[in-house]
């Protein structure tokens, strides 16, 4: 049975506050670089912010349009205007807080109620609203937060000089990645009636797995960028092509229109540059093994290139620290992955008849969920 507690409500409020603070930190960091004459860094930060905002607004508006199909067009025009000014996420927070407040504070129990019961209906609305927000936050994480983390680490490694605003940006990036990944997986489990929710230990292990593997990969990309920006760009484009091609092969049907579907596949391709993202409700042992085995080979290859191509750098303490962090993060991340999927994955302790592989993408979720917004995407 789904639940939406007071704790969930306050976590949602905290997530909105962090979202606003993150926007402020981005513009603060961009302004600081601009004042220091580092115009390229400032423009890149604003470009990451702008691109992620545009794409999340497009998806958010399309979801509203699908939800309100056949309803008042005047209300939809107002929603379009709000999204045009890049404030669509706040409408979604408003609905989530509205329904969440009704469930958490005004309704004490939903046990024994039917699906048509008003309290149960409000609960589903709250759960769907939170899931929508967390999906948009996942898009933002890999379109803006993760690239910005890579940029800040690269700047620190290249120049060596550190400032408070750089640490602030890195801390906010780590917080954003951590919260978005865990919150989305939690809300994904909540939206499935026959699934048990994450246990606390499972959340932490999943967090370590994602955060450590992403950190290791970002450090690796930063190292290769120090060698050659051109090689780094070519590598990123190649990885995106591989990820996009894989999504095409999966024949995802997340969106109603073909244009939106290709935009979704493009975004998933970007996500796959940094972390594995399961978009279908299928077993992923082979795919995830190939994915992280490839990351391991590339990471080790980058470190060996440094040894033979620029051995003078090895004498620098910075390279030694980065190498140790890269290898240790990768090893600990893969260990966390193995422990999570073998012992702490929700399917290892949920009811046998309800078990199936967990998905990251909504396309896979939609194959099993018959409630809420996701049923609109059934072909």
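Heads up, the Cβ atoms here are built off N, Cα and C, so glycines get one too.
What TrEMBL says about a protein is an automatic prediction, not a curated fact.
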Legend entry - From 76-95, 96-115, the residue range that TrEMBL assigns the feature transmembrane segment: 76-95
Inset, instruction - State the residue range annotated as transmembrane segment by TrEMBL; the candidates are 132-152, 321-341. - result: 321-341
Inset, instruction - Grab the same-chain neighbours of the transmembrane segment (289-309) for me: Cβ-Cβ under 8 Å, and only residues 6 or more beyond its ends, written as numbers and ranges. - result: 213, 216-217, 220, 223-224, 227, 272, 276, 319, 323, 326-327, 330, 334, 337
Inset, instruction - For the transmembrane segment (260-277) and the transmembrane segment (9-29), check the count of CB pairs under 8 Å (sequence separation 6 or more) and say whether it reaches 3 or more. - result: no
Legend entry - Two-stretch contact, the transmembrane segment (164-184) and the transmembrane segment (9-29), at least three Cβ pairs under 8 Å: yes
Inset, instruction - Residue list, the transmembrane segment (76-95) vs rest of chain: Cβ under 8 Å, 6 or more residues beyond ends. - result: 12, 16, 19, 53-54, 56-57, 60-61, 64-65, 68, 125, 129, 132-133, 136
